Amino acid sequence: MEKDLAAEGLRFLKMHGAGNDFVVIDSRQRGSAVVTPALAKALGDRNRGVGFDQLAEIRPAEAADFTLDFWNSDGSRAGACGNATRCVSDYVMRDLGKTSVTLLTARGRLAAERLEDDRVNVNMGPPQLDWQSVPLAREMDVQHLPLPGDPVAVGMGNPHCVFFVADAGAEDIAGRGPGIEHDPLFPQRTNVEFASVIGPDHLRMRVWERGTGITLACGSGACATAVAAHLRGLTGRQVRLELDGGQLDIDWREDGVWMAGPVAYVFEGLLSPAFTGALS
Ligand SMILES: N[C@@H](CCC[C@H](N)C(=O)O)C(=O)O
């Protein structure tokens, strides 16, 4: 932690998208990143920190409106976070007086826009459907992984393992999630989705997130689940997902997987110098 931040404290914003909650740190004026794995882990602690599913740090960008980095609550980095992308895009759009923005993430350049009903729609890019990109440990059929339950692997800039089950609401997510997250098939671990079909354009989905655990919604997971459902012939390319925290609408278009959903502002805060200083 830089000396001046340890002395002054660090400003943050708390947001959520369909109950997937975030701490957002805006480092555009500072220019350089302040988040470290130690800060992410300490801040992600719901008892001793602020608590979040993901931490998102905004940095300046030359060829886009901003750069966005994601961290899980265990202090690990994530290459994609759909709901944080929607929330932070809304914040930057309001700040810049725009109704659409472009951003750079580890995945590449993404685009987001505010819809007339105030939801935010983001293009999460094309799904990664080859085993190296997910990534998986060795060559295999991504649409039929060699695991009980016959799941589908989909990369959305981060790895997802999607199970189609009779009733996602009845799945023991906490019991099954950790073992699959750490299965040797996934060299970078994986997010785990359990989905059931409500209709040809309607799914129920629950999630165990890599590096965080159970969350009320996962945007990249919703995209991966919609892609997997279409590949399995269960739905069309446009689908609504019912998550524990709300609804997300997915549209798998030629230019990528678009996801629309709500964004919410919760509070702003200032991390105490004692908190940030203890991490120096
Ligand atoms: N909540 C997210 C996904 C966050 C990252 C994930 N846990 C990972 O490690 O890949 C979303 O909305 O996409």
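Backbone N, Cα and C atoms are what each Cβ position is placed from, and that goes for glycine too.
All TrEMBL annotations are machine predictions without curation.
The substrate binding site annotation in TrEMBL covers Asn20, Gln54, Asn72, Gly82, Asn83, Asn158, Asn191, Glu209, Arg210, Gly219, Ser220. When other Cβ atoms within 10 Å of the Cβ of Asn72 (substrate binding site) are tallied across all protein chains shown, the result is 23.
Under the DSSP three-state reduction, Cys81 (active site, proton donor) is assigned to coil, being neither helix nor strand. Positions annotated as active site, proton donor by TrEMBL: Cys81.
Spatially close to Cys81 (active site, proton donor) yet at least six residues away along the chain are Phe22, Gln54, Ala56, Phe70, Asn158, Gly219, Ser220, judged by Cβ distances under 8 angstroms. Annotation comment: TrEMBL describes Cys81 as active site.
Here TrEMBL flags Cys218 as active site, proton acceptor. Within the same chain, residues at least 6 positions away in sequence whose Cβ sits under 8 Å from that of Cys218 (active site, proton acceptor) are Asn20, Gly82, Asn83, Asn191, Glu193, Val207, Glu209, Leu243. Secondary structure at Cys218 (active site, proton acceptor), taken from DSSP and collapsed to helix, strand or coil, is coil.
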Determine which residues of this chain, when Asn20, Gln54, Asn72, Gly82, Asn83, Asn158, Asn191, Glu209, Arg210, Gly219, Ser220 are set aside, have a Cβ within 8 Å of the centroid of the substrate site's Cβ atoms, and list them as they appear in the sequence.
Asp53, Phe70, Ala78, Ala80, Cys81, Ala84, Val207, Thr212, Thr215, Cys218, Gly221
Within a 10 Å radius around the Cβ, which one of these binding-site residues has the most neighbouring Cβ atoms: Asn20, Asn83, Asn191?
Asn83
Annotated substrate contacts Asn20, Gln54, Asn72, Gly82, Asn83, Asn158, Asn191, Glu209, Arg210, Gly219, Ser220, maximal Cα-Cα distance (Å, integer):
16
Would you find the one among the binding-site residues Arg210, Ser220 whose Cβ has the most company, meaning other Cβ atoms within 10 Å?
Ser220
